Amino acid sequence: MVKMGAIEVLTGNAGEIRKRCRVGCEASILLDAVNNIPAEKDSIPNSSLSGFDVIDDIKTAIEKICPGVVSCADILWLAARDAVSFPFIKNMWEVPTGRRDGRVSLASEINANLPSPLSDFSSLLQLFINKSGHTIGVAHCAAFFNRLYNFTGKGDADPSLNATYAKFLRSQCPNPANATATVELDPGSSRSFDTNYNKTLLQQRGLLQSDAALLKNGSSFQLVQRFSNTNDFFDVFAKSMVKMGAIEVLTGNAGEIRKQCRVVNPKNY
């Protein structure tokens, strides 16, 4: 249970996993910085990630049994599936394996490939079709600070934000201090994989501006309504995870099977 909880922070937030694959599903997020060049995990959007030590422990255990066989990329995707599936006591989707690990990790690629928390619907649509993975996880106050204190540049709050919820957020993120504090993406349900995220959106309690943007388009609004009232979300989400897990996968002779997930293999390995 302790291990599963620790994995959740890094991999259970399946929305985060989907975002990482905008860069590529080759476990580059696990690599440490080299020569003082910031890696993906060092970027501001990834600053809330933790649990890397759990993935390290899994890799170490597997290497003792099957050295050089199971990639860090596969471990990450299997752990994500298992963390989300754990409350349901069944696998929510099948994870095709055979991925290989990348050898490069740059923070600059994260900023170029992830949507901003301030993104409007058009920007989001270019990157993702389904975004309800925010049902699990947290966000730093800095990601939505302007929604609370300076939405139009006049020291005001976003009028589309539920007033009671806005008051609560201001209590968690007092201006201007402690912008590094975190708040649940899905109020009261951030550790459960459920449809509550969609329900809170309809109550104007979407934490990020990019969350609220889903209500401003007819098609996405209908999806939010649909996923708030039925379990269709679980099936659609599972299918989206399988598709996303196949983006820019390294196979064959591309990449490598890392011996340690934090560092690339030596050239003579």
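The chain as shown is numbered from 1 upward.
Each Cβ is built from the backbone N, Cα and C atoms, and glycine gets one as well.
Partner cysteine of Cys261, as given in TrEMBL, is Cys72 (from among Cys25, Cys66, Cys72, disulfide bond). The cysteine that TrEMBL pairs with Cys141 in a disulfide, picked from Cys66, Cys173, is Cys173. Distance between Cα atoms for Asp194 (Ca(2+) 2 binding site) and Cys141 (disulfide bond): 23 Å, as a whole number. Each of the binding-site residues Glu40, Asp186, Asp194 was scored by the number of other CB atoms within 10 A of its CB, and the lowest score belongs to Asp194. If you average pLDDT over the domain 'Plant heme peroxidase family profile' (24-265) in this model, you get 85. Across the disulfide-bonded residues listed here (Cys72, Cys261), the residue whose Cβ sits among the most other Cβ atoms within 10 Å is Cys72. In space, Ser28 is the closest of the binding-site residues Ser28, Glu40, Asp186 to Cys261 (disulfide bond), judged by Cα positions.
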